[in-house]
């Protein structure tokens, strides 16, 4: 049906993003360049060498501008080559990442006859080749699709989930235990709390984004677009789900086990920690993973706190600007450039794989605990 067609479309687009086109160019490196230590001088000379190499290879054609042929970050590839492999002067054959339009045409997307002829000419000279796109998994977002990757969004999602769990998990479990074990049954206050939890779990996610914007950014002045604020905002969404899952898990604990523990003289808190909690834990884990799966797919609350900004660097702390996979998918899928649509498909596949891995983990843990408890 329709879901199968959508999945097939995503798989086809994601497969195209796994490869990147590179062009082989001869670069003449002089002796004085090998001794250059100044980064600004090295960058300036790298750009000059690239232009000289392009004029040499494309002599007699109407392609003179490096931006038409190579990626804008090609000079960085040349700088890395200098730092890692160059010891002596001479001519070196180096593979450089092609521009986005040449990448698209080499993937059988006929966008421009002029560039298609150039690509055919490069193939005749054996100066063009497809490579595995390592940047896709080692870099963050970029203005050039051939240099963009999902690492920054993946790390941002991971940091956001860590903050969210650190806040919501202990509070949610303790609140669920208190609600079921200590609050009197069928009392007005207990019923009000339970109804409030159910209503809070059904609140539209954008409302939590507004609360996070007003509370964490407006009042406390925490850094915008950071995983800390994102996790704290999403913890509002996760908390009622964990409370409800914990309460239902304790409600499914066999009453005979609790009665036996009380009959042996165990105090109430001991019965909860040593008998009820181990039995209820698989259901709590299951509910927590379902909550994580929902949180991983959320984007609207994070848009409200500024996590939709262009972030080119991978976050290294919980206070650094970051984005998450759903927001990165939204940004790339909104682009008019075909290459970014392919990157969005890869990000979707990555998100689906993470959710699949979470389900495998919860099934494994659930079976292990159930086996050990009974």
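Every residue, even glycine, has its Cβ placed from backbone N, Cα and C.
TrEMBL entries are annotated by machine, without manual review.
The annotation domain 'ABC transmembrane type-1' is assigned in TrEMBL to 154-362.
Annotation comment: TrEMBL describes 150-180 (among others) as transmembrane segment.
Annotation comment: TrEMBL describes 200-222 (among others) as transmembrane segment.
Outside the transmembrane segment (228-246) by six or more residues, the chain places 156, 159-169, 171-173, 175-177, 179-180, 197-198, 200-201, 205, 208-209, 211-212, 216-217, 222, 280, 283-284, 286-288, 290-292, 294-295, 298, 301-302, 304-305, 307, 318-319, 322, 324 with a CB less than 8 A from a CB of the stretch. Summarising the annotation, TrEMBL assigns transmembrane segment to 228-246 (among others).
Feature annotation from TrEMBL assigns transmembrane segment to 339-362 (among others).
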Are there residues at least six beyond either end of the transmembrane segment (200-222) with Cβ under 8 Å to its Cβ atoms? List them, or say none.
228-229, 232-234, 236-237, 239-241, 244, 298, 300-306
